[in-house]
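Down below is the structure, laid out as structure tokens.
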Amino acid sequence: MGIVGVGIDLVSIPDFAEQVDQPGTVFAETFTPGERRDASDKSSSAARHLAARWAAKEAVIKAWSGSRFAQRPVLPEDIHRDIEVVTDMWGRPRVRLTGAIAEYLADVTIHVSLTHEGDTAAAVAILEAP
């Protein structure tokens, strides 16, 4: 297997928190019910955890885009909702894909790491293919 894409994203948690629950925001339909439930179950701010998940979605998109260097981008409009960050019972993240992006990346393993420190959330995604 080899690395075919790397993506990273940083999110300002205070800025994100202001936007995430505003009526008409794109974020209302960006997160799956599971992502919203997981974030609300945490002891700290839900916005903090959703910001890290947003960063993960963006990192996956950047890694995928980078893997298509010199090729036309193929990004479905509702791509963020098709990238879901799930966690196991110990809080370790994994990416679950649905829709068109799942078809494009069917043979790709996605490694993801999320973090938040102070006012910043971040994520790194690495795409690995056979």
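Each residue, glycine too, has its Cβ placed from N, Cα and C.
As written in Swiss-Prot, here are the features:
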BINDING   ASP9  Mg(2+) 1 binding site
BINDING   ARG53, THR115, HIS116  CoA binding site
BINDING   HIS116  Mg(2+) 2 binding site
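Within 8 Å of the centroid defined by the CB atoms of ARG53, THR115, HIS116, the record's CoA site, lie the Cβ atoms of VAL11, ARG48, HIS49, ALA51, ALA52, ALA55, ALA56, LEU114, ALA121, ALA122, ALA123, excluding the listed residues themselves. Looking at ARG53, HIS116, the binding-site residues in this record, the fewest other C-beta atoms within 10 angstroms of the C-beta turn up around HIS116. The binding residues for CoA are recorded as ARG53, THR115, HIS116; their greatest pairwise CA distance is 10 Å.
Around the Cβ of ASP9 (Mg(2+) 1 binding site), 20 further Cβ atoms fall within 10 Å across all displayed protein chains. Across the structure, ARG53 (CoA binding site) and ASP9 (Mg(2+) 1 binding site) place their CA atoms 10 angstrom apart. When Cβ atoms from all protein chains are considered, those within 10 Å of THR115 (CoA binding site) total 12, not counting its own. HIS116 (CoA binding site) and the residue listed as 'Mg(2+) 1 binding site' have their C-alpha atoms 12 Å apart, to the nearest angstrom. Between the C-alpha atoms of THR115 (CoA binding site) and ASP9 (Mg(2+) 1 binding site), the distance comes to 11 Å.
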